[in-house]
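Taken verbatim from TrEMBL:
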TRANSMEM  B:12-29  transmembrane segment
TRANSMEM  B:41-62  transmembrane segment
TRANSMEM  B:68-90  transmembrane segment
TRANSMEM  B:135-154  transmembrane segment
TRANSMEM  B:184-203  transmembrane segment
TRANSMEM  B:215-245  transmembrane segment
TRANSMEM  B:257-275  transmembrane segment
TRANSMEM  B:287-308  transmembrane segment
Amino acid sequence: MNNNILSISNVTVKFGGLVALNNFHINVRQGGISGVIGPNGAGKTTVFNIITGVYRPNSGSVKVNDKELIGIPTHVIAHHKVARTFQNIRLFANMSVCENIMSGACIKREGTFLSSLFMLPNSYKKEKELWKKANKLLEFCGLEKYKDSPAISLPYGMQRKLEIARSLMTDPSLLLLDEPAAGMNPTEKLALQELVKRISEQKISVLLIEHDMRFVMNLCENITVLNYGSVIAEGPPEIIQTNHEVIEAYLGSDIEDDFNIKETLNASR
Amino acid sequence: MMDFLNYSQLPFIMFSILAIQAMSLQLILGGTGLLSLGHAAFYTVGGYTSAMFTVFIAPLIGIHDTTLLLICACLIGMTGAAFTGLLVAIPCLKLRGDYLAMATLGVGEIVATVFKNLDFVGGTRGFKDIPKLGSPLLIFSIMLVVCFFIIRFYKTNLGYAVRATRDDEISARSLGINIYKTKLISFLIGSSLAGLAGVFYAHTLQFISPDEAGFYNSVVLVLAVVIGGMYSVMGSIFGAFIIVIIPEILRFIPQLINPYLIFMSEKGFLLPSLIPVIDSILSNRTLIFSVLVVIIMLLNPKGVASLFERINKMRKTNE
């Protein structure tokens, strides 16, 4: 019995002639934070889409808690305690912040339609508990003061946090964050970093995609680097930082500073 | 006074029935985000099926008690409408946005054609001599019950699922919501409530014609929902109120304005030959009503419900 919550092995995804993922593999430890990095178009979001069942891979296996997920429709995968956020924020725009979070509890309220329609005591009690939990999450993500305002009126960073809060409401054991820090300023990034750390302290495993190297290196205990759909490196941040192939894949962008190339060069001399 | 009561009875009934219909469409259009342009079809089906029951079947079984008859008629009308809704929904809900609107547009015409060709319910002449059941107050209280039901519905898990589906299907799915099932359920509830409105329509007017299912009525329903504000249940009631009451009020406008016109022409501000022209424009109620609707939509594109929100916000900022 291994303690991996997510294990993907030998997954290949092809769109026509384009190979989006080639023999991809990743393991996420229970309660750990892992990251997937890579240049644009390397197939990072495709990884999330095969975990959540949006795409069906041509071959390979995706296991969450030792249960095979391939072939299961997206809405059932949420029942296996997998939650995700999106690269381009997808909130329920016409609902308030509270309602956005409560709609994350749809799975838990399943089958209580008639009793909650007539406000029967048992479902009333359950709903009260859920509201309590939603309020706790609001506080956890620092959204209390926006409680009743419409979701689209929130500032950008808060919308990201609301999306995370909504996916936490489903009580996930694996949380997939797709570029959570994109478009945030340094202060917001730091706050988000703290938030992700606190989430993983609650025994929730996190798998994140991010372009901000400092963010990834500070958070993740294990990093997988993708380029053109193939894994070119994996391991703890220190090893990734010194890996030549990774630096090569990122050359031409201004990421070099973050990799501390100078240091590694000095060390090799 | 009695005259006024007698006169106001029919608009009152029509308002209640239209409000039930508008709320049932609000569930589908504002709640789930499905633009259905054939909603009047379900209401016609509800009216016809319940009328067929009360005219042909009820005497055979021997139901003469009016209360029992009304309850049975309601149940049968709602089931008939829900069944039609199911038949429409299963193929059509795979479509999105405009395509769904086009598909449902056909449904109204199909239903109208079917009833036009059924001779035992009167064919094109319509179904006459339906027994009179229900009172204005009953219909009004049913409307309140429907309103309460839909408001409560939005608070249940299905209500949240429905609204989540409307706003973003992809993230709704990632939260574990079965989108197709959710849409189907909301369509079923919406069409059966429309059927309920049809039952009362058929049994208070004692007549129902196949033309009820046509395009015009469906558009009036959409109008009622949009005027009131897409996302508010109360707004739909208000929209129905405007659609029924304003044409009735406009009836009196030419009489009210005529003395002033004559007064103005005497003072020389107005050519006397223009008076009949203005009179005829003002007495064209449909025209005035249409212009009013355009003005309402221009002033307040989010509907009447947003007006209340704006007032609330203003009050808050003043404090």
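The backbone N, Cα and C atoms fix where each Cβ goes, and this holds for glycine too.
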The transmembrane segment (B:184-203) touching the transmembrane segment (B:41-62) per 3+ Cβ pairs under 8 Å rule: yes
Beyond the flanks of the transmembrane segment (B:257-275) by 6 or more, those residues with Cβ under 8 Å of it: 282
Contacting positions for the transmembrane segment (B:68-90) when only residues 6+ beyond its ends and CB under 8 Å are counted: 38, 41-43, 45-51, 53-54, 58, 104, 107, 111, 131, 133-134, 183-184, 187-188, 190-196, 198-199, 202-203
Recorded stretch that, among B:184-203, B:215-245, B:287-308, has the most CB pairs under 8 Å to the transmembrane segment (B:12-29): B:215-245
Long-range Cβ neighbours of the transmembrane segment (B:215-245) (under 8 Å; 6 or more residues past either end): 11, 14-15, 18-19, 21-23, 25-26, 29-31, 35-41, 43, 105, 108-109, 143, 147, 150-151, 154, 293, 296-297, 302-306
